């Protein structure tokens, strides 16, 4: 029987004893004291390892209430699973463990917390175990009920807790002190504060998330396992994305959210770095890595080499398969856990991740209906034509007897250009004919046709969907004009998997897509081209990002225009940008006024001496002539600086093609005031700021 039960039994026995003045007064005091006790309100916490140190983080109020309701129900907690954190984590009540749903993460301990003590090195409070917290609560109830304080308890690790009064409760840690005879487990160390109930400790309980989800966004990371300067993982950075989105809902759409007219946006990370480096390639690299500058070489192998891995057909296939399969898997799992979801799906990629997504999207296939069948037919005819051209070339080389071998292996001119001498040897072609064929097709005698097909395959020309949409930089027709080739985007010898959904928008952050397209031999994107399964494409970058490149100049190469400036979330430009524009406008106005005054003065000095009447006529002519020269400069500058509406209309009127549904593609962020002092100093930070 517990101490509380014994006390209640003693009180009941005292009630049965003969009454007296003293006993009745004791009963009144005891009833008053008992009325002061109120059960503690528990709150649920989970433990995270941050910087190799355990940190207890509270659940939001809604999740804690759900956990408490499940805990207080009559059903057995074993096997009971409660979804938390917007459905991204599951808490197994029986195990007291918290598991991630959509990604791999170490399970964390969960605790029902009522009593806390202050930690060693910081001011954060640490919860006691559930069993010892219950013992503390029973002792506290007895002390309040009987008004008997200075209660001492011994914790499981033999440390002393003393309840002096409701406002003063301390925890004495044992301190090991050493002398000349060795270390002695000593006296009690510095006391630490003990608190009862989460409302009495300084802890930030996060706000809950709306249950309704209106949109789903997959976020793909760039090179390396770290995604920012604090070396945080993709999961932690996406958590920040989600937090910013929830804050903007509170500040900009509070009324609509309170009326439940809108829900929230769910952001889920997609990790491809870990599966890539779990293939054993790290072991191979470690064997050939030099022992000097060990940390720098490890950083190179773990981060920078991801770019080279993506340019390798073998590892590129691993990367695109991982990204596509992860997004498909997470999407299916999300629909299972959210069967009422009716919103759209978008994808976002940072740095190399945006290039991976772009290659995936450009190599998606629409349903083979209607016009799509017409797109496939010319490709088949073209392949047959290549086979006939190959027969003619073999006749020129007097090697017609080997035509059946090429037909048997289904080799055309483009495939032959990729063959090695060993491939021809395995086909059964003797040494002499092999040398003739390789020399003819690879050393210039049939350069034009072969190079064209090489470019077609090297740029991933395995999809008829993208035919005649991109322009090659080395391709001209007879008149010297550029012509569109039947080429698509991607890596050679890579089969791009298909996504099971059609994304609404593709966001590229700090993206090198433009640079990679140029390096692959593409000079221009057809204005009529659009992604097969995605409606929109936004290329967002920081102005000082050394990795980011623009897309719009590839669509409209003959026109120079600035990217769209993303407004601040408070609805204005940053102060230093407005100041810079104001100073520029003032200097232009001053320059125009000075030039106009100098021009008028020069004309007055160089005017010929005419009679008075002629001078008047000349002055009248001077008043009419120089004004048209000076006026167009000044109003144009003032209008460009003073009318942002006109700027927006002019920017919107630029035709940048259908890649983003006819809207602008390139969007630039506003740099911070401190970043404008030295753009080189903040170059690396600007690439990791998204």
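Just so it is clear, glycine is given a Cβ too, placed from its N, Cα and C backbone atoms.
Since we're looking at a predicted model, the values are computed, not measured.
Among the residue ranges 586-616, 617-647, the one that TrEMBL annotates as region 'Disordered' is 617-647.
Look at the domain 'WWE' (30-112): DSSP puts its residues at 22 helix, 31 strand, 30 coil. For the domain 'WWE' (30-112), the model's pLDDT averages out at 87.
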